[in-house]
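**Q** Okay, here's the structure, questions in a sec.
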């Protein structure tokens with residue numbers, strides 16, 4: 001066993017509704033609003049596509065996910081040779097880390113961001129520098145100051161999970177202009193389809209200028225396919241060729257690929273999800289306590305409080321399972337009736 005693994009722990013997704021009911025003696029229904037899932041689910045076309053291909057379960061998928069790769073290349077107008085798929089972004093992050101990092105290498109990222117950047121770097125015996133957030137947002141200047149000759153990867157999450165904040169197009173361009181061109185800057189845009197800010201980065205456009213700007217996207221969030229595990233990286237061809245060596249041969253399942261194809265095709269449904277989410281998100285910021293919320297461009301709201309466990313339990317008492325952090329609670333935006341219950345709790349809670 002690698003010694004460095006001893007300093008890590010397995011991912012803990014939080015207690016299930018069943019376990020929470022037992023622990024807290026809750027009798028009524030519990031709603032899972034802890035994992036930033038799209039509770040509306042995927043497009044109806046996805047279910048039709050899955051049903052249409054159920055007779056293929058005995059076959060391995062086509063290696064490399066060629067159908068969805070071609071569809072994404074047309075949708076985003078990019079060369080398919082610049083795309084690599086994984087079983088969710090977790091696997092994509094693992095493949096990149098495994099392909100690039102050697103013992104003693106360094107990654108630079110932020111504190112309080114998606115934990116798999118750190119986790120996979122430690123597995124590869126790399127050193128991790130985590131720059132503190134500035135009011136919930138990535139400190140790009142602080143990250144830049146930590147980049148040196150040992151730095152092999154820079155991880156950015158935009159919008160950031162768990163805070164929901166984002167950096168602008170101009171901020172990202174300015175950052176990329178100052179990062180040495182041989183160091184990959186990987187921008188994780190798992191929640192990009194929820195973003196409505198006009199100055200949100202067009203990272204695809206910036207890739208035309210900066211070959212070291214890599215982009216991660218997923219079907220798990222706005223597309224509603226978290227259970228199907230499919231995400232991808234867009235990067236320079238040379239990098240994709242190297243990462244592809246690490247990719248397991250049949251990593252994305254047949255049904256996952258068909259589901260993603262159907263979801264991508266139904267952009268009208270995706271737009272309706274974005275609109276509903278933005279409408280419900282805005283209602284949280286109409287509360288008088290909204291100065292305790294980080295501005296969000298995602299399908300969740302981070303509530304800052306020095307009483308996170310008390311707030312978590314108060315929300316649990318109205319049937320809403322959220323995610324507790326040391327300095328606050330992350331609330332997934334759910335259906336209107338669930339959101340209304342949570343806003344009522346927040347309105348009465350002393351943050």
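Yeah, the Cβs are placed from backbone N, Cα and C, and that goes for glycine too.
Below, the features straight out of Swiss-Prot:
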- 221: N6-(pyridoxal phosphate)lysine (MOD_RES)
**Q** So if I draw a 10 Å sphere around the Cβ of residue 221 (N6-(pyridoxal phosphate)lysine), how many other Cβ atoms end up inside it?
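**A** By my count, 25.
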**Q** On the three-state reduction of DSSP, what should I expect for the residue listed as 'N6-(pyridoxal phosphate)lysine'?
**A** coil
